[in-house]
Amino acid sequence: MPDFSDQDEFAAKAGKTALRGRLLAARRALPEESRRAAAGRVRRALGDLIAAERPAVATAYVPVGAEPGGAGLPDVLTRLLHPDGTLLLPVLLPDLDLDWAEYAGPASLTPTARGLREPSGRRRGPAAVADAQLVVVPALAVDRRGVRLGRGGGSYDRALARCGSALVVALLHDGELVGELPAEPHDRRVQGVITPAGGFVRVG
Ligand SMILES: Nc1nc2c(c(=O)[nH]1)N(C=O)[C@@H](CNc1ccc(C(=O)N[C@@H](CCC(=O)O)C(=O)O)cc1)CN2
Ligand SMILES: Nc1ncnc2c1ncn2[C@@H]1O[C@H](COP(=O)(O)OP(=O)(O)OP(=O)(O)O)[C@@H](O)[C@H]1O
């Protein structure tokens, strides 16, 4: 474990905030046509990964705004999973930790705070993520070591701490797999990323 001084931690936090602003602005500037094309490529790469890994339980999320994958991602994943497979989606808790509920079709999604769409079914509890063999996570960027930059709530840092040996994969746009991101001791790493141009790439 590296030794992080207070100054390094301060620099990492400030660096993350500045990077988030830049990355979100670049995503917002992506034209609709690029978003659609990127979503198709990301979904195809996810399909290949699911065919190879055959998870019985997977987690994902409903992409919003310019997030890679597009709003139809849960439906695509449901079709890709084994007929008996389960897709869990996150429900943001007041302390920004994540609960989980099974995806049961578009009618089971409800608009919630922060522009999210979340499942309204029975909550499985924050520990349910430990049942998944494949965990698909949102990210603004990931580096070659697997360090992930999220929205800044620490939601996935907490959720990923509960995962056992699951394959954790972040969905990115091209250009968001970078050389080195600021890292803090609590950051949980991912094992792979999917980008539209590069498909599935192992990191770390
Ligand atoms: N689609 C999605 N679902 C997710 C996440 C995510 O990053 N993306 N999360 C990851 O932890 C958790 C929720 N955390 C979030 C924290 C902040 C914002 C946010 O800043 N929203 C913008 C509006 C959306 C946009 O256009 O980007 C806002 O409130 O201004 C969203 C989700 C669980 N579900
Ligand atoms: N295990 C944890 N328990 C409680 N708070 C945590 C935990 N891990 C991280 N946090 C807090 O969450 C905040 C945001 O962390 P960070 O900037 O790394 O978020 P992120 O990884 O970019 O976002 P997210 O995980 O929501 O996508 C930090 O202030 C951190 O202290």
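Even glycines carry a Cβ here, placed using N, Cα and C.
Quick look at what TrEMBL annotates:
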BINDING   Lys16, Thr17, Ala18, Leu19, Arg20, Arg148, Leu149, Gly150, Arg151, Gly152, Gly153, Gly154, Ser155, Tyr156  ATP binding site
BINDING   Val62, Glu67  substrate binding site
Those binding-site residues in Lys16, Val62, Leu149 whose CB falls under 6 A of ligand 2, listed in sequence order = Lys16, Leu149
Key: Number of Cβ atoms other than its own within 10 Å, given for Arg20 (ATP binding site)   = 16
Task = Rounded to the nearest Å, what's the C-alpha distance separating Arg20 (ATP binding site) and Glu67 (substrate binding site)? Just drop the number here, would you?
result = 13
Message = Using a Cβ cut-off under 8 Å and a sequence separation of 6 or more, which residues in the same chain sit near Leu149 (ATP binding site)?
response = Lys16, Leu19, Arg20, Leu23, Ala139, Leu140, Ala141, Val142, Leu181
Ask   = For the binding-site residues Lys16, Ala18, Arg20, Leu149, which sit with their CB under 6 angstroms from an atom of ligand 1?
value = none
Key: Assigned conformation of Ala18 (ATP binding site) - DSSP reduced to three states   = helix
Request  = Compute the C-alpha separation of Ser155 (ATP binding site) from Val62 (substrate binding site), stating it in Å without decimals.
outcome  = 15
Query = Once the DSSP letters are reduced so that anything not helix or strand counts as coil, what is Ser155 (ATP binding site)?
reply = helix
Task = According to DSSP, folded down to helix, strand and coil, what is Leu149 (ATP binding site)?
result = strand
Message = Which one is it, among the binding-site residues Ala18, Arg151, Gly153, that lies nearest to Val62 (substrate binding site) by Cα separation?
response = Arg151
Rounded Cα separation (Å) that holds between Gly153 (ATP binding site) and Glu67 (substrate binding site) = 17
Query = Cα distance, Glu67 (substrate binding site) to Ala18 (ATP binding site), nearest Å?
reply = 19
Query = What are the non-local neighbours of Arg151 (ATP binding site), defined as same-chain residues 6+ apart in sequence with CB under 8 A from its CB?
reply = Arg20, Pro138, Leu140
Request  = Would you mind ranking the binding-site residues Ala18, Val62 by how many other Cβ atoms sit within 10 Å of each Cβ and giving me the lowest?
outcome  = Ala18
